[in-house]
Amino acid sequence: MSGASVKVAVRVRPFNSRETSKESKCIIQMQGNSTSIINPKNPKEAPKSFSFDYSYWSHTSPEDPCFASQNRVYNDIGKEMLLHAFEGYNVCIFAYGQTGAGKSYTMMGKQEESQAGIIPQLCEELFEKINDNCNEEMSYSVEVSYMEIYCERVRDLLNPKNKGNLRVREHPLLGPYVEDLSKLAVTSYTDIADLMDAGNKARTVAATNMNETSSRSHAVFTIVFTQKKHDNETNLSTEKVSKISLVDLAGSERADSTGAKGTRLKEGANINKSLTTLGKVISALAEV
């Protein structure tokens, strides 16, 4: 599927303490890019197999030769997206799945050695590439924004004091945008890490039966990357702007599995509604 406009990777995580205590059995098998699922109600039935661009086996420990680490996931997916961004394309990476499936871990990771997710690794390499630039005609600028979509309302995570809901508008040339969303200039990976940390603290998380820190909102971290080239001979400047959208989606789930009531139930309904719409968008993109 090289050259495809949409690429899909699937990842299986290790059991959590709840699943280990219940002595759960893993019904997923992976070989190459193929993922097979065994029917737990009828194990003798032939497994159903699906092919993806990448199938990441992260169910065991790093000692397993088949284990897919955070670095491997980034090297396969993040590096290619960063390359396209330098070529001037808009790119988007998002994590989709049931609550507790490991979306936030894959995208954000943990603040431990070799545990960083796609977003911090991509931001770090972005500034490494900028700092390695030796062409005096080239200059770069990086701006970031961070928002969450919670119950169909947009909040600015970099300006949480702004309690008002931001409006989504449509620009005739640039497409959809969020009015009054903070866009902050950054000059180093440390700047981005600090802003991301502040934004993550402002995110809406809550406990459900499925996950103690279930993300109840979609979080969209956007990097606007501008490359300017000044031709000294003609004294003309050209500009290439690309947008990198890194998205940690809220957990999709069945209401009866999460024990959701009241606010949690309303959140779940909005989450599932928006994820259904996303599915339609991806289907349309895949046909392009």
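Our numbering is plain: 1 for the first residue shown, then up by one each step along the chain.
A Cβ is built for glycine as well, from the same backbone N, Cα and C atoms used for every other residue.
Annotations in TrEMBL come from automatic prediction, not curation.
Record features, source TrEMBL:
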type	residues	note
DOMAIN	5-288	domain 'Kinesin motor'
BINDING	GLY97, GLN98, THR99, GLY100, ALA101, GLY102, LYS103, SER104	ATP binding site
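Recorded features from TrEMBL, shown on the structure.
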residue: GLY97; record: ATP binding site; Cβ within 10 Å: 17
residue: GLN98; record: ATP binding site; Cβ within 10 Å: 16
residue: THR99; record: ATP binding site; Cβ within 10 Å: 21
residue: GLY100; record: ATP binding site; Cβ within 10 Å: 22
residue: ALA101; record: ATP binding site; Cβ within 10 Å: 19
residue: GLY102; record: ATP binding site; Cβ within 10 Å: 17
residue: LYS103; record: ATP binding site; Cβ within 10 Å: 25
residue: SER104; record: ATP binding site; Cβ within 10 Å: 23
